[in-house]
Amino acid sequence: MSGERRLDGDPDLQFLLKGGNLIKVKSRSWRKTRFFRLNDDCKTMWQQTSKTFKRDSGRAEKRNLHLHKAFQQMEKYISSVNIQSLNQTKSWIYSCMRKADKNSDNKMTLKELKHFLRQINIEVSDSYAEMLFQKCDTSMSGTLEGSEIKLFYDLLTYRKEVDMIYAKYAHTNGQMSSGDLLNFLQYEQREPVSLEYVQNLIEKYEVDETAKQNKYMSKDGFLMYLNHEECSIFNPAHKGIYQDMRQPLNHYFISSSHNTYLMGDQLKGASSTEAYIKALTKSCRCVELDCWDGANGEPVIYHGHTLTSKVLFKDVIKALKEYAFKTSQYPVILSLENHCSVEQQKIMAYHLTSILGSALLTHPLGDQMPNTFPGPEELKGRFLIKGKRLNKLDAAFNNNTTEDVDSVSEEDEAAEVKEAEQKPKDKIKLAKELSDLVIYCKSVHFSTFEHSRDNHSFYEMASFKESKAMNLAENSATAFIHHNMDKLSRIYPAGSRTDSSNYNPVPLWNSGCQIVALNFQTPCKEMDLNQARFLPNGKCGYILKPEFQRDPASQFDPKNLSVGPWLQKKTLHLTIISAQQLPKINKDKQTSIVDPLVRVEIYGVPADNASKQTHHIDNNGFNPTWNTNFQFTVHVPELALVRFVVEDYDAASHNDLVGLYTLPFTSMQNGYRHVPLLTKRGSLIPSAGLFVHIMALDAE
């Protein structure tokens, strides 16, 4: 508590807790004054706004923004809190204590203690609360104060499971020496590390100076280590760019968005440049532009023949220019769904070239006709246009003497609608100026794999509606995989998904499809899987496909797993040990406490799909403990994703989501690991997490 009192006097902290007005900027023209203040958890910001959501959203808008995006002067406070609170329960516990102290006398009565426990999401019986209170009330004064509150805090945050792990390896006078910690990391965590690495960990996380000087790790230091990046379930070695980025572009899965301009549904949702910015910040590398004739000769983007609002094409291109390469330097594909007249197509071409400038790829790389794609590394910082082209790419090397205007087949998604309505497909006029901007992503109609192999060049790519693609993935997966070894394939959601729902992308990735476009605006399991697929490799939006999806000799079939390099059978032993500081679901109801359960799901080839869950624990979101063991068999780990879902059990209705986390099987670390938890929209839930033990072993 003494460290916390010292920080209370910090003027920067007091300013942030009090709050103030800041200028919120979305674009050069959109600037609004907003009131922000630091939340009591001292890790997130609260923004005041006049907007309200529909009733089913359950609350007025309240946005949590990660602190590192806000105030640099808070760094000294956060680092201090990490040391002072030791076991990372962070200062929000102290804040809740202050709130529970109704009369601000720095003492806690039994009634105030019960109120505090409800605030931190733990429900206990009156008898347990009284027992805890009496144990801490060493002065027998009827209130807790000073060291008694510290004792209460220590009892509350005690982690029995961590004590047991520490005791198992602390063989040097009850403490962990460097050698003991090395044994723990090598044997339990399966990390091939050196003694020097261990000593650096002690230097980084040990909070006791004497222990640090003796190169020991105390229990408090060990707990600090367990809650930091080195002990995360996600392998830190996969956090940055670690894959070969010089393979041909079609050898990568590419994070892709459908109807990127929409903020909501496909019938009356708003179109906005902000939707593009949001997708780009989520590492999306292929965005869609539905282009139609607009007023005053300016093309617009919207979902044609619906009530969705319109946004100017040039405004979208400006937003793309500004934001495309902030999250990732690797190329962005602009997938044009062109419904414009020739005149407005020329305007589109003008905006693309004038706004994007040298970032727009307008000619194949090199001085002769290529026979395969360049890699993401060669295309860094470049925009690629996907669309119709009047001629072959060879024309770029022989004076390009095609007609200024000619007819091409209709765009794929428009043709799909007409096909469903049993109307004849149209031809559209295509302006040469727009056609010439299409280099490596020329849209063509798909007939059969054989027809594509015999008639289409590497840069000629088809778009498949989800039902067609799923059928090919189900019945012709090996042929689909080989098609994708030479060419790009784009998959898009069915037109019937007017609510902007999504299909399962996993079977398409299993078939080697690169551009599996999803509705990024819709939080759902499918988007969780997408964000997990692109979590490693610097979140750059490109993931190198497994070699068995790139090697022409491969006969990999996701449905019928014959012996081959893809078959690296693993047995996953997984123990869900405990959770810490799960958020309240119903914040409006003071007495609402979660009854958490944990479900673990595996997604991959059909043989690997599985789901198992723990029992629920009544009335404890603060430190529930399960110690539940699961075992999974994973045949093709390179294509598998692991999803952790924490729910609030409800016997009478559907369980509510508490938090989730998804990652590739091959990015998991063995041993005792901390699993962070995200909201359904992908925001980190401060302080919340699961504690698990993982052991992935080669199967017999």
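In case you wondered, yes, glycine gets a Cβ from its N, Cα and C as well.
Note that this is a predicted model, so its numbers are computed, not measured.
Its Cβ taken as reference, HIS258 (active site) is surrounded by 28 other Cβ atoms within 10 Å in the chains shown. Residues or ranges marked as active site in TrEMBL: HIS258 (among others).
Here HIS303 (active site) comes close to ASN259, TYR261, LEU262, GLN266, LEU267, GLY269, SER271, ASP290: these same-chain residues lie at least six apart in sequence, with C-beta atoms under 8 angstroms from its C-beta. According to TrEMBL, the feature active site maps to HIS303 (among others).
Using a 10 Å radius centred on the Cβ of PHE36 (substrate binding site) and all shown protein chains, the other Cβ atoms total 18. Annotated substrate binding site per TrEMBL: 24-51, LYS386, LYS388, SER463, ARG490, in sequence order.
Other Cβ atoms within 10 Å of the Cβ of GLU337 (Ca(2+) 3 binding site) number 22 in total over all chains. Feature annotation from TrEMBL assigns Ca(2+) 3 binding site to ASN259, GLU288, ASP290, GLU337.
Residues or ranges marked as Ca(2+) 4 binding site by TrEMBL: ILE593, ASP595, ASN619. Using a 10 Å radius centred on the Cβ of ASN619 (Ca(2+) 4 binding site) and all shown protein chains, the other Cβ atoms total 18.
In the shown protein chains, 12 other C-beta atoms lie within 10 A of the C-beta of ASP650 (Ca(2+) 5 binding site). The feature Ca(2+) 5 binding site is assigned by TrEMBL to ASP648, TYR649, ASP650.
According to TrEMBL, the domain 'EF-hand' annotation covers 88-123.
Taken together, the residues of the domain 'PI-PLC Y-box' (434-550) have an average pLDDT of 96. Residues or ranges marked as domain 'PI-PLC Y-box' by TrEMBL: 434-550.
Annotation comment: TrEMBL describes 550-679 as domain 'C2'.
Positions annotated as O-linked glycosylation site by TrEMBL: SER139. Using a 10 Å Cβ-Cβ cutoff, SER139 (O-linked glycosylation site) registers 12 neighbours.
For the domain 'PI-PLC Y-box' (434-550), residue counts in helix, strand and coil come to 49 helix, 23 strand, 45 coil, using DSSP. Geometry remark: HIS258 (active site) versus ASP650 (Ca(2+) 5 binding site), CA distance 35 Å. Sequence-distant neighbours of ASP648 (Ca(2+) 5 binding site) (same chain, 6+ apart, CB under 8 A from its CB) are ILE585, VAL594, ASP595, PRO596, ASN655, ASP656, LEU657, VAL658. Taking all protein chains in view, 24 other C-beta atoms sit within 10 angstroms of the C-beta of ASP290 (Ca(2+) 3 binding site). Of all the binding-site residues listed here (LYS32, GLU337, LYS386), LYS32 has the Cα closest to the Cα of TYR649 (Ca(2+) 5 binding site). Measuring Cα to Cα from GLU337 (Ca(2+) 3 binding site), the recorded positions that fall within 10 Å are LYS386, out of LYS32, SER139, LYS386. Here the Cβ of LYS386 (substrate binding site) has 23 other Cβ atoms within 10 Å, regardless of which shown protein chain they belong to. Of all the recorded positions listed here (LYS32, SER139, LYS386, ASP650), ASP650 has the Cα closest to the Cα of ILE593 (Ca(2+) 4 binding site). For ASN619 (Ca(2+) 4 binding site), the nearest of the binding-site residues LYS32, PHE36, GLU288 in terms of C-alpha separation is PHE36.
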